[in-house]
Amino acid sequence: MAFSRLLLLTCIVGYFLIASASNFYQDFEITWGDGRAKTLNNGDLLTLSLDKASGSGFQSKNEYLFGKIDMQLKLVPGNSAGTVTAYYLSSKGATWDEIDFEFLGNLSGDPYILHTNVFSQGKGNREQQFYLWFDPTADFHTYSILWNPQRIVFSVDGTPIREFKNMESKGVPFPKNQAMRIYSSLWNADDWATRGGLVKTDWSQAPFTASYRNFNANACTVSSGTSSCSNSVSSPNAWLSEELDSTNQERLKWVQKNYMIYNYCTDAKRFPQGLPTECNTA
């Protein structure tokens, strides 16, 4: 607990990068795709495309250690079976940390699957999957990650869908020491993405395109090992100690009751030696 308080204090005593009205030229760099990724509308819009030859991707210029991060996405429309649109935070190295949104495409008329995962010190296997309560291809929707020293919360249009709490006191590693970049990619995963790989990508529908806008990061950035949150004195930001209030706890339960389609914490067959520790904590 003392360490957690120290960590929280370290982040509170500092300024925060607030990238509102973000510009993709300013905040991101296209990393692969040979022209298939495009920054448009003076930096207000970014698109990723996938064809049979290649997908595409981008990453943030900044690294973050705790923050509240929003991105609006409009997913591949129509027959998107076999495609995966990934949007995630990740560090580097053999014991990396990662916080994942992955959108698994489907046949026209069948719902996307939103796949989430949390890696800490190189260990994942914490998948939860959801259907969405809207068509994510018809318009832009906001996908958010709250990451503070106490918890990680995944949200869609402000509605929490998943919470992963810091349970280091019970021996469960929690992402807290490694700065992470934001990554996104659109790629072909028809060996597993749709119905376990039974449905293949229909390349006659290519190119497949996903669109991004309205990135916002209220976060601590890290440069050369130093956090921006330890440079100067500022009033604390609410996200550093944010937790789910009673209303959002009810919304979380509503989503998990009505839209969750897979939860590793209920998959006893997968864990014959017993469910992971965090699954046994109410």
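Each residue's number is its place along the chain shown, starting with 1.
Cβ atoms are placed via backbone N, Cα and C, with glycine included.
Here is what TrEMBL says about this protein:
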SIGNAL    1-21  signal peptide
ACT_SITE  Glu98  active site, nucleophile
ACT_SITE  Glu102  active site, proton donor
CARBOHYD  Asn106  N-linked glycosylation site
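Feature annotations (TrEMBL) mapped to structure.
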| residue | record | CB count, 10 Å |
| --- | --- | --- |
| Glu98 | active site, nucleophile | 18 |
| Glu102 | active site, proton donor | 19 |
| Asn106 | N-linked glycosylation site | 20 |
